[in-house]
Amino acid sequence: MEEPEPEPGSGSGSGSGSSMRRFTWEEIGLRTGRGHPQQERWLVIERRVYDISQFYRRHPGGARVISHYAGQDATDPFTAFHLDKALVRKYMSSLLIGELAPDQPSFEPSKNKLLVEDFRELRATIEKMGLLSPNHLFFVLLLFHILLLDVAAWLVIWYFGSSLLPFLFSALLLGTVQAQAGWLQHDFGHLSVFSKSKWNHLVHKFVIGHLKGAPASWWNHLHFQHHAKPNCFRKDPDINMHPLFFALGKTLSVELGMKKKKFMPYNHQHKYFFIIGPPALVPLYFQWYIFYFAVQRKQWVDLVWMLSFYIRFFLTYLPLLEVKGLLGLFLLVRFIESNWFVWVTQMNHIPMHIDYDKNVDWFSTQLQATCNVHQSLFNDWFSGHLNFQIEHHLFPTMPRHNYWKVVPLVKSLCAKHGIEYQSKPLLTAFTDIVHSLKDSGELWLDAYLHK
């Protein structure tokens with residue numbers, strides 16, 4: 001597809017300096033990739049315009065996450081997600097087609113200029129403070145405590161036998177292992193532990209593959225989309241349960257009701273959430289889908305790592321429990337893990353603003369979709385420091401032991417710009433999930449019956 005003719009006086013051709021083509025935000029905003037499959041996809045990073053139409057499918061972070069910013073300024077997510085930005089820029093040079101015209105702002109005119117600039121200043125400040133530098137001993141101790149619990153779970157059944165109490169206690173220990181390994185793989189997946197991406201990726205495969213039995217590629221595919229556009233319908237896969245299972249958010253629920261769509265009795269969703277939500281997500285959905293994903297996408301290395309977990313689990317517990325007991329233990333562990341995972345991951349997002357992508361600035365995007373849970377030693381451990389969800393979303397590569405240090409700076413920026421910074425007790429966060437589902441279900445019903 002031919003590129004549009006530059007505006008009079010904007011220059012032509014590609015290259016550097018004054019010879020680069022100049023574009024307006026109006027032109028860039030049309031290149032979103034929507035509609036015809038061959039439609040162009042452009043994005044802007046630091047005033048430079050890149051054509052990702054042919055590249056997006058080869059993007060190492062996934063085709064969808066980069067496509068979510070087609071037609072938009074992607075400077076802040078680019079900065080947030082990449083460790084070695086100089087290296088990435090070298091690969092981007094072949095995609096460069098021009099730059100913003102001199103009379104164009106550095107980001108869309110609709111965005112809050114002062115807020116964007118203040119956040120970028122905050123980002124520079126935390127880099128100077130060293131808050132993006134990890135404490136390796138912290139992560140070694142996390143891994144050690146996971147491995148210790150894993151060994152303890154086996155020793156309980158080996159020493160005390162397979163009667164009910166040792167069986168349940170061992171399952172609780174293994175469920176804890178799975179939850180805590182889930183938080184640890186999250187650290188490596190976000191490149192938060194090592195300064196080199198390749199080492200994070202390698203250990204990530206070990207933790208999520210060998211300790212949990214899931215593919216790293218599957219997590220990357222879903223999770224980076226979530227971070228790029230949290231709570232944005234059709235861009236954040238974490239809210240894909242709307243509308244098939246749940247009606248989420250005020251806007252989307254009313255829209256669903258006005259269209260007279262009813263896939264489930266949403267006015268009762270705060271009740272059936274306890275059936276198809278926390279207890280079922282991992283054992284009834286994730287457990288089979290991860291294998292489908294790895295095979296369908298030919299992620300053979302991930303599949304080998306996954307199989308190493310299941311082989312180890314079966315070889316260590318089969319002599320102690322036999323087949324029936326082994327399968328019972330496995331399902332019980334996944335049940336415990338599922339409840340733990342769903343309550344923790346949804347408490348920060350489901351009660352928050354959910355809508356279509358409105359292309360607001362990075363700071364506002366994250367603050368309207370996330371909230372925190374009060375700090376305590378237990379909350380930090382139980383949630384893998386995801387009780388600091390706001391700070392994590394603003395700075396996804398920041399090692400989690402530094403989240404608390406940046407809280408005052410984030411609060412100060414929120415206060416300056418009149419943005420609500422939400423933090424609540426753990427149990428309140430849990431109940432807010434249910435209250436939010438009840439409210440959106442009632443909004444759907446009202447629109448379904450009367451609008």
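Think of each number as a place in line: the chain as shown, counted from 1.
Yeah, the Cβs are placed from backbone N, Cα and C, and that goes for glycine too.
Marked as region 'Disordered' by TrEMBL: 1-20. Annotation source TrEMBL lists domain 'Cytochrome b5 heme-binding' at 20-101. Marked as transmembrane segment by TrEMBL: 137-160, 272-291, 303-320.
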Next item on the list: Give residue numbers and ranges for long-range contacts of the transmembrane segment (137-160): same chain, 6 or more residues beyond its ends, CB-CB under 8 A.
Entry: 166-167, 169-171, 173-174, 176-177, 180-181, 184, 187, 193, 207, 211, 316-317, 320-321, 399, 401
Notebook entry, point to check: In the domain 'Cytochrome b5 heme-binding' (20-101), how many residues does DSSP call helix, how many strand, and how many coil?
Noted result: 31 helix, 18 strand, 33 coil
Note to self: Averaged over the domain 'Cytochrome b5 heme-binding' (20-101), what pLDDT does the predicted model reach?
What the structure shows: 92
